[in-house]
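Colleague: There's a structure below that I have some questions on.
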Amino acid sequence: MLLLLGLCLGLSLCVGSQEEAQSWGHSSEQDGLRVPRQVRLLQRLKTKPLMTEFSVKSTIISRYAFTTVSCRMLNRASEDQDIEFQMQIPAAAFITNFTMLIGDKVYQGEITEREKKSGDRVKEKRNKTTEENGEKGTEIFRASAVIPSKDKAAFFLSYEELLQRRLGKYEHSISVRPQQLSGRLSVDVNILESAGIASLEVLPLHNSRQRGSGRGEDDSGPPPSTVINQNETFANIIFKPTVVQQARIAQNGILGDFIIRYDVNREQSIGDIQVLNGYFVHYFAPKDLPPLPKNVVFVLDSSASMVGTKLRQTKDALFTILHDLRPQDRFSIIGFSNRIKVWKDHLISVTPDSIRDGKVYIHHMSPTGGTDINGALQRAIRLLNKYVAHSGIGDRSVSLIVFLTDGKPTVGETHTLKILNNTREAARGQVCIFTIGIGNDVDFRLLEKLSLENCGLTRRVHEEEDAGSQLIGFYDEIRTPLLSDIRIDYPPSSVVQATKTLFPNYFNGSEIIIAGKLVDRKLDHLHVEVTASNSKKFIILKTDVPVRPQKAGKDVTGSPRPGGDGEGDTNHIERLWSYLTTKELLSSWLQSDDEPEKERLRQRAQALAVSYRFLTPFTSMKLRGPVPRMDGLEEAHGMSAAMGPEPVVQSVRGAGTQPGPLLKKPYQPRIKISKTSVDGDPHFVVDFPLSRLTVCFNIDGQPGDILRLVSDHRDSGVTVNGELIGAPAPPNGHKKQRTYLRTITILINKPERSYLEITPSRVILDGGDRLVLPCNQSVVVGSWGLEVSVSANANVTVTIQGSIAFVILIHLYKKPAPFQRHHLGFYIANSEGLSSNCHGLLGQFLNQDARLTEDPAGPSQNLTHPLLLQVGEGPEAVLTVKGHQVPVVWKQRKIYNGEEQIDCWFARNNAAKLIDGEYKDYLAFHPFDTGMTLGQGMSREL
């Protein structure tokens, strides 16, 4: 969708000034002394606004991507100037937020229902020209405004998309085209896949129109300055080129697309099912199946407009494709202009001779005449139907048409609705049509509807692109059908509002995705049935997938929760469901010719899009403003409506898996994993990755106690304290009272002194200027190496100097019980920057190791692998840590908002012998107390 945001903020005519000419520096003046006066006047160029920052942050959680673009500009001129922000976004993405800061005014985007009459500042325009429509598979978002003299402006754009699997890989593409060199340019991508990341690659920068089929390309490595940190389930990719590196790539600031490709591990044939807060998503991508035979007719436009390069490239591509056909396949070729020319009047078996003859036929095709799209499609469908009718019921195969044209129907039937109706009636759902449109004159809407209505896909090839390589790449996606007539069923008593569950074909390297709502959140199992046909037989897969809380993963996406009926924290699976449902409603609306039905679909799609803040053809964006800015916001660096911080989600695949999607620096053996945490009542978890052990303990404190969690004030300058709040114990519980973390305070002493106070409702940042951030709004602020990312009602991520990161979970209750309190959880996501002298209830273990020994009373089995133990009373053992012998017992503990279950060795009695000193030694006098404690003193003696 192409958006042109023309903000009527007082347009003015901008002319050059003496001050602008001087901004080019003394060297320009010295050069001017050597040239005549009239030439020197021409050199006094107008100073355009300077882009001081261009940054993109993207988080992919189980294929669902949240992306936020931040752009800051400065008007160095002495007069007001027009500025424009533009960003290419994937065509499949939905814009969810746009915010603009002009001087001291904030303009906040709001998604509303589209009205026929619009007097708003936001104007939308769709232009099908190559210049306006961006690169292949993208659309351009534009916003323009006037920036006052010597003032600043900032733009923040957020969008979401579900990554599609093609050729065995998910591809995430980010446009890096700031239009000028920027002193602060960065792309930061986090990938979290609980199934495990099987492969990951970063491609060289591309301009999309230069990209081809993907065969044998992209082997020159990632762009310069790219850093990749990866472990089993998490990857962080950072692209941060200097100005010099940017200039070497493109001096005009149009660097190209930053592309990441990856795939995930797959275990069960039934697929990967993830559940969260009453929503589920089912990823189905079976492998190791024999390919289905395919019956394919290649329909090639040979009208006069195809003369020259387009026809030559297409012929070369078909030569390659014919050699890829399998012996069990059957094929034919049709060329069409104002006449329909069929190579053979029946489908031909694949043999060396038939491939040779087909290539000869293609070679002799010559461009002439008009374009009879209807006649060509009818002839191709008749060929396929004739073969299927005579092949017998035992012949399981897939019938496909690959249709390529560069124009509109000009001969025969030219009425679009008639062509669509004729094709639909002839195909009868038995033939899938895959269309490719070349150039600017093609009727792409017709091709799109032909594919949508006939179980196919469509691709657009721009005029400057290599049509042949695009055809090969498109064919590669459909060259290997593995299943047909796929149906995935769930019990109606368990699942409602599921997305599409019927699929005509499944091609190797792709993926089927279904999402829906669970009727009962406490459901023990989700029954799944998959029926399909492959080359040999009819397949039925049935299984009950456990969805118990201890088997499910808890996610903290940080994306706003604008709708839905779930409780608790934000849910990326819910947003994935809303994304898929909206897409399917839009597709159904596009296919429908019945006006009442179209209106019903439009209303449903519109209501859902407004609820989840998706910008669609049925919604519009209005900028509300100006509104007051929060104190100190103007100087905050990196502010954005970021969606998707560091979450954790676990797949439901019939067996529990260990969470661990945390940052790992390459070539460094020590890993700081975010299981190291304090959460709940309060429950402490310490991970020892080198020993493959997790240890847990409780601290039974008193309301008002301030616990020192991390103490590294002297070295890294970081101190973290947590204040407890009391609550009554649940009925029939063994405790007299509960305590939770009410407030987390963080003191950073280097390089500049900053104070952070975090509660479930707000974040206070005091680093000279006091800044108050509400926790119900997503925002990112930063300065002096400190970044604070608030994800609405979900979590707060604090990053210090890029080497220390804490994630504070926000636990809110819609209707809290008497024993429940809004509270916080504290997780150490990255401890690389903390020193070896770090102490505190959690900090003292960050640089320690531990080992397990047998209990003196008798041997224990599988002590380092408690997952292998039988469920029941946990065995006891002795833990050796920091020279102490600590009795422990195996337990299971819930973390990440109480939904994910881990196995750990539990130390009783307020962690006696496990921690240095005793519990009272870790009590601080006030929230920002950094004074030396007994524990800290002992830590320096160890």
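Yeah, the Cβs are placed from backbone N, Cα and C, and that goes for glycine too.
Pasting the feature list from Swiss-Prot:
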DOMAIN    35-161  domain 'VIT'
DOMAIN    295-478  domain 'VWFA'
CARBOHYD  Asn97  N-linked glycosylation site
CARBOHYD  Asn127  N-linked glycosylation site
CARBOHYD  Asn231  N-linked glycosylation site
CARBOHYD  Asn421  N-linked glycosylation site
CARBOHYD  Asn508  N-linked glycosylation site
CARBOHYD  Asn776  N-linked glycosylation site
CARBOHYD  Asn795  N-linked glycosylation site
CARBOHYD  Asn862  N-linked glycosylation site
REGION    116-136  region 'Disordered'
REGION    208-227  region 'Disordered'
REGION    550-571  region 'Disordered'
SIGNAL    1-16  signal peptide
Colleague: Rank the glycosylation sites Asn97, Asn231, Asn421, Asn508, Asn795 by the number of other Cβ atoms within 10 Å of each Cβ, and give the residue at the low end.
Modeller: Asn421
Colleague: Which of these glycosylation sites is closest to Asn97 (N-linked glycosylation site) if you go by CA atoms: Asn231, Asn421, Asn508, Asn795?
Modeller: Asn795
Colleague: Give me the CA-CA distance between Asn795 (N-linked glycosylation site) and Asn421 (N-linked glycosylation site), in Å, as a whole number.
Modeller: 52
Colleague: What count of other C-beta atoms do you get within 10 angstroms of the C-beta of Asn776 (N-linked glycosylation site), across all chains shown?
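Modeller: Looking across every protein chain shown, the total is 16.
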Colleague: Taking only the glycosylation sites Asn231, Asn508, Asn776, which one has a CA atom nearest to the CA atom of Asn421 (N-linked glycosylation site)?
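Modeller: Nearest by Cα distance to Asn421 (N-linked glycosylation site): Asn508.
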Colleague: Measuring Cα to Cα, how many angstrom lie between Asn508 (N-linked glycosylation site) and Asn776 (N-linked glycosylation site)?
Modeller: 43
Colleague: According to DSSP, which kind of secondary structure is Asn421 (N-linked glycosylation site) found in, if we only use helix, strand and coil?
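Modeller: The residue in question, Asn421 (N-linked glycosylation site), is helix (DSSP, three-state).
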